[in-house]
Structures are given as C-alpha cells and as structure tokens.
Ligand code: SAM
C-alpha cells in the first residue's frame with residue numbers, strides 16, 4: 001500500500017475499519033509523510049539494521065522504517081489496529097508485528113527470539129517510536145535502566161517532556177528525568193513537530209529527539225539505585241536546600257553535611273543546580 005501518512009488515507013482507513021482513535025492509548029496518528037521521512041532518516045537505517053517500533057498505530061512510520069531497515073519489529077498494544085496494519089504493511093516481509101504492552105516486554109529477549117539467536121550474541125538494534133504520551137516516562141525508564149542492547153533511540157515525545165530530557169543544571173526544566181536520560185544517553189533535538197501533522201490533533205506540540213546510548217554511563221557510581229534515589233530526593237522538594245532535601249533519604253544530617261563538604265558543595269544550594277558529577281560524588285560518599 002502507498003503511504004498511509006496522509007490525512008485522506010488515514011481517515012479513509014479509520015472509517016473503513018470502524019476505528020475510533022483512543023485518547024487513553026495516546027493514539028495520535030502521523031498524517032504527514034514528510035515528518036515520517038525525517039524521523040526515519042534520523043535513525044540512519046540501513047539493510048543491516050534491526051529496529052523496534054513501539055506503537056505502530058496504522059503503520060505510517062512502520063512503512064517508512066521497513067523501506068530502510070533490514071528488519072522491523074513493531075509492538076502494538078491495541079489489537080483493534082491489527083486489521084488496518086495488515087493492510088498498510090501488506091507485502092513488507094521484513095516487518096514482524098507483536099501484540100503486547102511495550103512496558104512489559106523484554107526487548108532483548110524479543111529481538112533475539114525473532115532473529116533466532118542467543119541473547120548473548122545479540123547485536124545492537126535501534127528503537128524508533130512516535131510514543132504514546134501517557135507512557136513516555138515509564139517506557140524511557142524501562143528502555144534505559146534495563147540495559148538492553150539498544151544503540152540509539154529516535155523518539156517523538158511531548159515537547160515539554162523533550163525539553164526536560166535535554167535540560168542542563170539550573171533551568172526550570174532540569175529534573176530527575178534529565179539526569180536519567182543524560183546518564184545513559186546523549187540526547188539531541190532532531191526536529192520540532194506541530195500539532196497539525198496528527199490525526200486526531202493532540203493538545204500539545206511535539207519534539208523528535210535522538211538519544212545515542214553511551215557505551216559507559218556519563219558518571220561512575222557504585223550503586224545506581226542509590227544514585228537515582230539521591231537524585232530523586234534532591235528534586236522531590238525543589239524549593240528546599242540540597243541539605244534539607246537529602247534528609248528524606250533517612251541519612252543523618254551530619255553525614256549529609258560531610259558528603260556535601262567532601263564534594264565541595266554549598267549545603268544551601270538547591271538540588272536543581274547540581275550537575276551529574278556532583279550527584280555521583282554525594283552518592284559515593286554517603287554510601288561509605
Ligand atoms: N506510530 C503511529 C504513528 O506515528 O502514526 C502511531 C503512534 S500513536 C502516538 C501511539 C501508538 O502506541 C498507538 O498505536 C497506541 O495504540 C500504541 N500504544 C499505546 N500504549 C502502548 C503500549 N503500552 N505498548 C505498545 N503500544 C502502545
């Protein structure tokens with residue numbers, strides 16, 4: 001089938017299959033072939049690439065990915081979309097449709113199973129998605145903290161969340177999500193996307209980001225769970241000083257004072273001014 005990424009074809013398909021786009025599942029379908037091409041191009045796909053798409057919807061992005069990559073594995077939660085997908089992806093024999101909730105999928109196991117190889121020999125693969133907005137943060141946490149063999153992710157997200165992922169210390173957008181994303185990846189903006197390229201139109205603008213996974217995390221920590229607990233504690237009470245915010249960890253104030261002094265951090269600073277290395281230094285010291 002020709003590209004489904006036009007308003008006319010998408011509407012016709014939705015009507016023909018009796019579909020009602022579900023807000024609760026973040027169903028905003030791309031109806032602009034130019035944007036679809038730009039997203040796929042950002043992933044720099046070639047015949048040697050395996051790409052996992054989260055939420056193929058009606059297949060707008062899937063069609064373009066299939067034209068460029070060696071293999072596309074598309075995970076869709078909504079079975080009602082499968083009849084439409086079978087039509088838009090007819091003849092694309094390098095696409096595997098998987099019914100399921102991406103939040104619960106072990107991506108490495110899925111890809112290795114489809115490639116028919118052991119997980120230990122799994123080459124890296126890419127993830128590309130126009131993400132359903134309601135799962136943006138949990139899916140990111142799942143993809144990054146599971147340490148799957150992902151080389152890079154090209155993701156369309158709500159602009160506001162995208163700016164949080166990119167934010168540097170000091171700004172209002174900087175928070176725990178910035179630290180998690182930048183700990184595991186190097187994020188960059190690919191393009192801004194207006195609401196008008198979707199059917200139905202969402203309430204907010206979007207941003208396409210490319211996250212290149214680091215071979216080693218941005219800073220060295222002994223215990224990642226504890227590092228992220230420190231980060232979350234610092235941002236949970238943004239108006240407090242770092243000293244008072246870290247008390248919620250259940251550590252003695254005197255210990256926190258010592259850790260801050262060791263890292264050369266003024267205890268009156270706010271968490272949102274601290275860089276990743278400073279968080280790492282605090283967490284290393286507090287653990288001893
Ligand atoms: N890729 C299509 C496009 O760009 O037109 C559709 C994108 S739409 C924003 C998000 C898609 O993700 C929908 O098809 C929705 O049903 C699906 N989805 C929602 N939650 C999901 C989940 N937990 N796991 C897998 N797919 C999900």
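Cβ atoms are placed via backbone N, Cα and C, with glycine included.
When 76, 80, 152 are compared with the S-adenosyl-L-methionine site residues 28, 30, 55, 101, 130 in TrEMBL, the one appearing in that site is 76. Averaged over the domain 'Ribosomal RNA adenine methylase transferase N-terminal' (35-215), the predicted model has a pLDDT of 97. A simple Cβ count within 10 Å picks out one of the binding-site residues 76, 101 as the most packed, and that one is 76.
Counting only residues at least six positions away in the same chain, the Cβ atoms of 26, 75, 76, 77, 102, 129, 130, 131, 132 sit under 8 Å from the Cβ of residue 55 (S-adenosyl-L-methionine binding site).
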